[in-house]
Amino acid sequence: MASPAPPEHAEEGCPAPAAEEQAPPSPPPPQASPAERQQQEEEAQEAGAAEGAGLQVEEAAGRAAAAVTWLLGEPVLWLGCRADELLSWKRPLRSLLGFVAANLLFWFLALTPWRVYHLISVMILGRVIMQIIKDMVLSRTRGAQLWRSLSESWEVINSKPDERPRLSHCIAESWMNFSIFLQEMSLFKQQSPGKFCLLVCSVCTFFTILGSYIPGVILSYLLLLCAFLCPLFKCNDIGQKIYSKIKSVLLKLDFGIGEYINQKKRERSEADKEKSHKDDSELDFSALCPKISLTVAAKELSVSDTDVSEVSWTDNGTFNLSEGYTPQTDTSDDLDRPSEEVFSRDLSDFPSLENGMGTNDEDELSLGLPTELKRKKEQLDSGHRPSKETQSAAGLTLPLNSDQTFHLMSNLAGDVITAAVTAAIKDQLEGVQQALSQAAPIPEEDTDTEEGDDFELLDQSELDQIESELGLTQDQEAEAQQNKKSSGFLSNLLGGH
């Protein structure tokens, strides 16, 4: 029965090679480039180094745990496991209570006046008292037999053997990092001793200054905080969460500031474009339709009662009044000046009433305005000046147009000419009457004056006598009376002016 087995196995195994022969050959794997191969090799080396470091750390942790157990015993190892649980913050309430207890113990040790050996003795005494109380309670409750059985069968049972070396693992990892740091520092010392000396001196100086300003108690408390808080941040990834939130806020802030700046730039450019377009449209519109501001017009029309204002027409249809001047009106004294100048310039062609009379008086021979007329006019001007000043200071007066000015000037010129003529005639008549009254009745001189002059000025009584002697008619007397009336009317008119 043993002989047919090989053929059966051979028969059963025959189809397999046939299937393998019938199956198509698998394609060869793609060949990687040299750079990729080198990168893969480096990654494999790094992974192997990490695995080796992990194994070394685990081995060192095991050795440290064994050494601590051998030196301090199981109670110390149990305390180490409890401390590991507290520092890992697996149970937040217990970790918080341990943190508060550690702070209280630290500040008690820092502020108490007792020395270190006093504190150690107190701690040992407290431990002994606790153990005695525990024994008494257990002996009374369970009895001596139970206590003996418990003491005889006492064994250390660890339900979680994997968590025991955790604190020792951290200690071992820290020790390995410290040993690596020492090796690197020794290598740095061999390569550059000067830099190493400078670095060590700088570090020592820094810690000296820090210790002079910050007490050692504060530094120790900071170490305690780091021992409790660093595992909390590391286990819960609090630092990574805070960093991600801060990064998102910074990104939003950066984006918001950039968008705000770009928006302000766009608004400013649009405002500049609108302003330039508006300025161009306003210039075109102002060229077609000039605007007259009320404030500018009021300022131009603001005048005072000092001098004559100068009115000038501008290109846009407005007029300008020089500030501090008074425009000419019908009540202004300056309107008489050009009329008097024109009258005195053209009065030289007016025929003389004396007609060659031999008088050398400048007032009588001058054909200008008489002194009496000037005196009366000065009196009238002195009376009218306050009223004119009050009128000019009372409000603003606008200049007259060309037609009104022409009519006003013509009327004033006519009135002035009429008044001047009447005053001249009256003065001449009064002068003739005074000369006749003062002159002596000498016939020879009269005949001489009659021969030398064209006419003779006689007194009124003499005129009446001559008229009666010559036998004038009543019509001539009526004409003489009309002349008297006209002269009286002219004198009254002159007195009114």
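Using the three backbone atoms N, Cα and C, a Cβ is placed for every residue, glycine included.
Noted from Swiss-Prot: of Ser88, Ser149, Ser186, Ser410, the annotation phosphoserine belongs to Ser149. Considering Ser95, Ser151, Ser248, Ser286, the record held by Swiss-Prot lists Ser151, annotated as phosphoserine.
Checked against Swiss-Prot, the domain name for Trp89 matches that for Gln191, so both face the same side of the membrane. Considering Ser153, Ser302, Ser461, the record held by Swiss-Prot lists Ser153, annotated as phosphoserine. Confidence for the topological domain 'Cytoplasmic' (1-59), expressed as mean pLDDT, is 52.
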